[in-house]
Every structure is written in C-alpha cells, then in structure tokens.
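Asker: Sharing the features that TrEMBL gives for it:
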type    : residues                               : note
BINDING : A:Cys143, A:Cys146, A:Cys156, A:Cys159 : Zn(2+) binding site
BINDING : A:Thr347                               : ATP binding site
DOMAIN  : A:4-407                                : domain 'Methionyl/Leucyl tRNA synthetase'
DOMAIN  : A:419-570                              : domain 'Methionyl-tRNA synthetase anticodon-binding'
MOTIF   : A:11-21                                : motif ''HIGH' region'
MOTIF   : A:344-348                              : motif ''KMSKS' region'
Amino acid sequence: MARHLITSAIPYINGIKHLGNLVGSQLPADLFARYQRARGHEVLFLCATDEHGTPAELAAAKAGKPVAEYCAEMHEVQARIADGFRLSFDHFGRSSGPQNHRLTQHFAARLFDAGLIEEVVEQQMYSHADGRFLPDRYIEGTCPNCGFDSARGDQCDNCTKQLDPVDLINPHSTISGSTDLEMRETKHLYLRQSVMKDQLESWIDSKTDWPVLTTSIARKWLHDGDGLQDRGITRDLDWGIPVRRGDEDWPGMEGKVFYVWFDAPIEYIACAEEWVDAGKGTDWERWWRTDKGAADVRYTQFMGKDNVPFHTLTFPATILGSGEPWKVVDYIKSFNYLNYEGGQFSTSRGRGVFMDQALSLLPSDYWRWWLLSHAPESSDSEFTWENFQSSVNKDLADVLGNFVSRVTKFCRSKFGETVPSGGTFGATEEALITDLSARVETYAAMMEAMEVRKASQELRAIWVVGNEYLQTAAPWSVYKEDPQAAAGIVRLSLNLAALYAVLSAPFIPDAASEIATAMGLGDLSWPDDVPSALNRLSEGDSFAVPDNLFRKITDDELAEWKQRFAGVRD
RNA sequence: GCCUCGGUAGCUCAGCGGUUAGAGUUGACCGCUCAUAACGGUUAGGUCGCAGGUUCGAAUCCUGCCCGAGGCACCA
C-alpha cells in the first residue's frame, strides 16, 4: 500500500472562486485523491484558505468587518461550497491558524540561522490617511511617459511602461484617494533564493517526468534577467503572521508580518497539524518529516500555472534551506487557464460562473464531469454553454444515465427487480470482457499519470462499450425465443452498471453512489480484474431501478444562463 | 519591447519526423425499439495559421511573419 500526500493550491480568502480556479487545482486534486483511495492506498488530501495580505484586508474593509471575522466567515463559505462540489479534503484548514503561525516563525528562524535571510532597508510609499505602506499597485497617478491619468505604481496600463511609484505625477492612494503620501524607510527580510539557485536548478532538472508547463515556468524564473532573484518575505501590514525568529522577537521587525506568499505554502504542512488537532488524525509528522515516517510518502501538488513559481522555487527554497528533513514535493501537476465564452473568467468584473452559482444551477457531478473532461492541461481551454450542454447531455444523460436506465428497466419488466439466473457466456461476452479489460487498464494508467482528459475519454469509452454490447446482444429479441439466454445478458449488463459505479466514482461521486445503492453494492473498491468484477452481482441479488441519474439541459435554460452570466456580478 | 505557450475537421481537442492526419460532438443516411426520441452502424467534413528552409520524407525540426493567451518579479 502506497502513501499519497496530495495538496491543492490554497484558494485566496477574498471571495468565492470561479470555475477556472476550481478546475485548475482543487478538482483534479480531488479526482486523484479519490482514485488513490479507491485503489486502497493511504491518502492525506489537504487544502486550506489563504488568508493573509492586503487584498484580504481591503475585502474585509469593503464588507465593513474586522479582517479576522471576515476571514472566518469566508472560510466557512468556501468550506461549504467545497463540500457542495464533493471535494474530499481530509482537512480544509486556514493559513491564519496558530499552527501556521508557529511553523512559519520556525522556518524563518532556521533560514536566518542558515544565513538565507537578509535584512534590507528600502524606501516604500507610505500613506498617512490610510495609515499604512502601500503596495505599488495600490498607488495611482499620471504616467510620466504617456500622460495616462490612471497609471498604477508598478506599470502603466495605457502605455505598458514599467514604473516606480515615485515616477508618478500626482500620486494617490487607490484605497482612500489620499495624496498625502511620502517615501519612507522601512526594513524588510529577503529570502536569499539566489544562493540556492544551483541547488534548485539541479533539482528541477532531475524532474524529467514533470509537465513541461511546470518545468518551463520554473526555468524561466531561474534564468530570467539576472537569474533567480531574492524575494522579500515581510510586509508592513497588520494582518498576517508577526515576524518573529521562532519563539523570539526579531529586533527591528516589530509590527511587521510575513508576506502572504511566504506563509501560504507552509500552510500545507501546518494543515496536517490542524488535521491532527481537529481529531481527524494522530501523527502529522509521519506525512511531512522524512525522519519520522514520511520517507515512503509520495507527495503530489496541484495548481494553476500562476502558482508554479512559488511551488517550484520559493517553497522548496524555504524547506530545503531550513536544513531539516521535510518532505519535498515529488510531482507538480499544473494547469493552464480556463477561459469563458471567448474571454477570461474575471473575479473583479464578475464574468463567468462562480462556484456557488454553478451549484445553484445543477448538481456538482455535471460540473465535475465537464470541467475534468475539458481540463486545461496542454493549453488554455474554453468554457462555452453550448459545449457544456452537449457534453453533459450526451455523455452523462445519454451514454451513462440511459444505459443504467435501459438495463434496469428491461430487467424489471421481464424478470423483476432481482438479478436473474441462467444463460452462459458466448463469443460476444468474451469479446466484451477482452475489450473492457484493456480499457480499464488504460483508464487506470491515465488516472495514475494524472492525464485527466485522457482518463475521462477512456471512461466515456467504457460507458459506450455497454451500449454497444446491448445492441449486439439484443436481449429484447433473444427473450422472445430464449428467456434463459436473455437472463444471462441482463445479469451481465447489470454487473456492467455496477462496474461503472466503481470506475466513475472519482469523476462523478454522487451518481456513482446512486448507482451503487440501486445495485446493492456495499463498497466501491477497485476491481482486481474485469471478469471477477462482472460477477459481483449474483443470481437472486435484489436491485432497484434508480431515478434517472441525469437530466438534460434544455435550450431555454441555456439561453437564460448564457445571458445571466455574461454580465456583472455585484 | 522582451520572454513563454498555443494556432490541426463547424465546435472541443489528440497526434509532435515515416504507411491514405485521428477522437468526441455536429450534419446526412441506415438499423434497433429495452431505454431519458435514448442506443448501434455507415458516411460527409481538414492546402494541420502564412511564407520560406533542412530532409529520401514535416502537422511534427529550423527561420521569418500574422493571430490568440500568459508572464516580465515584491501582484495575489
């Protein structure tokens, strides 16, 4: 039995995520976790909310709530929605938890002792009215280059020139609008990633089996410009993890917090500790410390491409630099972006479908199936309502749902709601078993390799095989001459439905569970081989005809939704 | 501007040096009638973004151009 540690990129706290965020990390991670559990492996699947940073503070202010309260509420909201999508986290933690505070401060101390943290005094823009230092993007003014009046402190959106906040004419805070700004001296900690460049590079070079998307982004950062740059890991903010050197104060760093991108990945570890503290587990170090039982763990991370630099460079630099035997990631599965109807999903403009809205339209299986079978693995991919409608109606309702329906209803009308006896396997059945055996093997190989689209294609092909078999075997015709032979065909077909429940569960857990319940299947453990799997339901076992598993999306609904989600979400 | 990735059938995508370029969907036709008018079969549909080059041979490698997306670091 293998041991799989699986983490999904942790979603930021400032609102409900859209379908593009979901398909880029949490959903494929869940697919993999469910598959590995089904194979009988030990799995720890962790996710959390990423709660620190300026955007969280601003979102809380906009909501008129203290930031801690806002984060606690949004965490609950996100947890509930994750549950709605059947994301099977073993724990859904919070980066603001005490475990992460301790651990982040611990790492900072270790890195400082190793000479990998440098104190740097620099100038940053301070806003008196806001009472805070402002990140470059929160300062706007007139571009000295083109005269555009809403140029941001980091870059002018009009002429695209890179800017420094001090370059702006009439700079003001985008938070308060105040022009009462000044450059002030402030001290920050920098993680000396540059020192570890060679070590990180040879580590990346050794990962020849990783997706090119992952390694190419990592290499770009390693070689871009002057090479891997040191990174500031502290900020002048109130909301975050106080800068401390382990248990001790950090002289000169009073009132500062760690930068969100420093503490967020550490939450992957802290989350395991939360999992234990929540009473769900007993030993988190067994998953994270190679000196305490984690040597045989295989660690897989899932994320969108925007998160790759931090997971391939910054976080590894953090845990390797500590000099302690932490588990380092074995495989990083990264995804491109999902676009929406010819443009991008946009959180700020409310363009596209958000997770809560999706669940209000249709059950999670519909979304899970479409999103996973169209996962943006090799390039950006596109959500269109037409495509969603045709895929869901065809694949789920017609191919799978209708198969279960026709088999169970035919049996009920001819033999009652009991698996019928009689009949023997002939050439058609042998061919079916041969075909299915090969397909199930391919399917498992694709799931193992996290080839999400290809796995979904193979699963669909497996469903199609059932319909082909029925067409060839034609029990409705055979029944007229030889009811016994028809019974054999039906018994095999019922077993096919049961097999589909098992194989489909990682993609569409709710429908799989409905089929399993209807078929009287106790557990959904993976079949050793197809022949034995097709004998799971025996003569005389009772079953029920389930309600239609999937309904179809109508043209009217499509038209309405298309219009509804094109606009702006408040 | 620089860098990265992509541009293959109406649509969503696979193939990434070697037989007549594939799948699903859509369209047309045939079959079946157990089933959510569902299923099965046949078939139509492509100068593989454009132009050069390398090669016995290129969708596949190289160069240039066009189009789309993303990144260019203290933004999450």
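Cβ atoms here come from the backbone N, Cα and C positions, even for glycine.
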Asker: Counting only residues 6 or more past its boundaries, what in the same chain has a CB within less than 8 Å of a CB in the motif ''KMSKS' region' (A:344-348)?
Answerer: 15, 17-21, 337-338
Asker: Quick check: in three-state DSSP terms, what is A:Thr347 (ATP binding site)?
Answerer: coil
Asker: If you average the pLDDT over the motif ''HIGH' region' (A:11-21), what number do you get?
Answerer: 88
Asker: Roughly how many angstrom lie between the C-alpha atoms of A:Cys143 (Zn(2+) binding site) and the residue listed as 'ATP binding site'?
Answerer: 26
Asker: Please list, in sequence order, the residues in the chain of A:Thr347 (ATP binding site) that are at least six apart in sequence and whose C-beta is under 8 Å away from its C-beta.
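Answerer: Within the chain, A:Thr347 (ATP binding site) has Cβ neighbours under 8 Å at A:Gly15, A:Lys17, A:His18.
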Asker: Tell me the Cβ neighbour count for A:Cys143 (Zn(2+) binding site), meaning other Cβ atoms within 10 Å of its Cβ, over all protein chains shown.
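Answerer: The answer is 22.
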Asker: Quick check on the motif ''HIGH' region' (A:11-21): DSSP residue counts for helix, strand, coil, in that order please.
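Answerer: Tallying H, G and I as helix, E and B as strand, the rest coil: 3 helix, 2 strand, 6 coil.
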Asker: Check the DSSP secondary structure of A:Cys143 (Zn(2+) binding site), expressed as helix, strand or coil.
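Answerer: The residue in question, A:Cys143 (Zn(2+) binding site), is coil (DSSP, three-state).
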